[in-house]
Amino acid sequence: MFKTLIIMKILVCISNVPDTTSKITFTDNNTAFNSNGIQYIINPYDEIALAKAVELAEGGNASVTVINVGDQSTEPTIRKALAVGADEAVRINAAPRDAWFVANQIANYVKENPVDLILTGRESIDYNGTQVTAIVAELLNLPSVSIAKKLTINNNEATIEREIEGGKEVVSTSLPVVVGTAEGVAEPKIPNMRGIMSARTKPLNVIEPIDVTVLSKITGYESPTPRGAVTLVDAGNVDELVNLLHSKAKVI
Amino acid sequence: MSILVYVENIEGDFKKSAFEVVSYAKAIADQTGDSLTAISIGQVADENLSKLGNYGASKVLNVQNEQLKNFVNKAYGSILAEAAKSEQAKVVVLSNSFSGKGLAPRIATKLNAALADGAIELPEISGDTFKLKKSAFSSKAFATEELTTAVKVIAVNPNSYEVKETGGSATIESFTPSLNQDDFSVIVKEIVRATDKISLPEAEIVVSAGRGLKGPENWGIIEELAEVLGAATACSKPVSDADWRPHSEHVGQTGIVVSPNLYIAIGISGAIQHLAGVSSSKTIVVINKDPEAPFFKVADYGIVGDAFEVVPKLTEALKKFKNS
């Protein structure tokens, strides 16, 4: 007996961001990010998307492609994604200039290489943008769900739980769909030795970018002003804290 | 020309973030000399819609349709882009809420507009150029973003702009958009909202606890303190990773970034990733038995002491204060 195997194609969009423990500083008169000594990682929310994709592909019913818009320096991050379990990778050879630029590169790739499911992280931890998910969907005329907490796929149907203020909402839609994943969708996976070895030989295709007009630009940075020294209150004198919060900080 | 502001309702009511965005948009309209139009989608009583006039809207577009009862970002995006065109809006303002994050990019794409998401201040306007300050690197820094497109979309972070009453009034007009059935492929199955809970991103006071609490069974003292303050509860990453508390309470660089008036951190050491999520809080109080906890370095007020002793005492003192 032969069973027709339908392979679901999953595209995971990853960005290359400073490690979460990084001290953030700037150069060139506060107009450029100081990447000196910074370790780069897969954006933590994209790691969740990747883990979910790899989980869905277990059993061989799906293939996972990761896509990154970045220059050659992002390849170690891409190889890590392959080590976690993606089958192949695509790098659009351009520095990511803004969300609009990145989303257009991804959408253009998908137009030429259709997929059933596009996963992004809910946001990137560098510029804290949440735009790519919905711009990609809009450019491809697809449904999307940003800030997903749970995702299940059954045949051609996705059921997604998304966060709303003070609660949650459960929605369903048929594939293809673009989903921005948050904590809860999957546990990030740590690559094992076999994964790391096999990642070296998995395909990493480099594609040249399309021309896209950038819509916004960052003209400068500021570091937050440090707070004054802490006022310590004796553990036996909580009334004093209540008094300070009321009369000095004026927050209660 | 006009400024258009989208006001989100929750079951027919406008929450604080709705009035924040109207106040924010009004301040822009005053600078550019344009009129302010608000737009509401879904079942909202006229009495609630007219409240928007008191924050500066001169006109309220009311979109009511059975199909639009639930939020679907694709459909709402089409409607708001259509309204922006018919109102000749040069700026569209909305809340950077959970729904707003899925909606703003769609509106911007349809209008060929630059989008500033996560704005925390009013733009600096010179001619057609807007400069906006936004939080970046998870509140470890601020970035100034420049927008020069003819139409601009701004998604404002909750709790970052003060509500201002103008005493004005608004006319209510019904707006009938052309609906595209293709936009409704996402179907809302269920909405679960804990009505007694305060939403974390919008909360003015947040009581947060970490591993120092030793186990989920000890959260009673945190909830009691939160209750007396009318605060939302939150936690650190190790706590949500251990499933002591839900992920939706995780505050930090990879969780929710909050900017309340008062953030009380109990039994949280203050890892850099946690601090990134809370550093824009106006006042920070730290309770920790370890005087060397890094959190004390970024706190305004601190108590070195055992949470299990200090927190119940603080709750009692606050009760006394509230009743006095």
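A Cβ is built for glycine as well, from the same backbone N, Cα and C atoms used for every other residue.
Summarising the annotation, TrEMBL assigns FAD binding site to B:Arg211, B:Gly267, B:Ile268, B:Ser269, B:Gly270, B:Ala271, B:Ile272, B:Gln273, B:His274, B:Asn288. Taking the Cβ of B:Ile268 (FAD binding site) as centre and 10 Å as the limit, one finds 31 other Cβ atoms among all the protein chains shown. Following the DSSP three-state reduction, the secondary structure of B:Ile268 (FAD binding site) is coil.
Feature annotation from TrEMBL assigns domain 'Electron transfer flavoprotein alpha/beta-subunit N-terminal' to B:3-188.
Neighbour counts of Cβ atoms within 10 Å were compared across the binding-site residues B:Arg211, B:Gly270, B:His274; the minimum falls on B:Arg211. In sequence order, B:Gln253 constitute the residues six or more apart from B:Ile272 (FAD binding site) in its chain with CB-CB distances below 8 Å. Taking 8 Å as the upper bound (exclusive) on CB-CB distance to chain A, the binding-site residues B:Arg211, B:Ile268, B:Gly270, B:Ile272 give B:Ile272 in sequence order. Of all residue pairs in B:Arg211, B:Gly267, B:Ile268, B:Ser269, B:Gly270, B:Ala271, B:Ile272, B:Gln273, B:His274, B:Asn288, the annotated binders of FAD, the farthest apart have Cα atoms separated by 18 Å. The average pLDDT computed over the domain 'Electron transfer flavoprotein alpha/beta-subunit N-terminal' (B:3-188) stands at 96.
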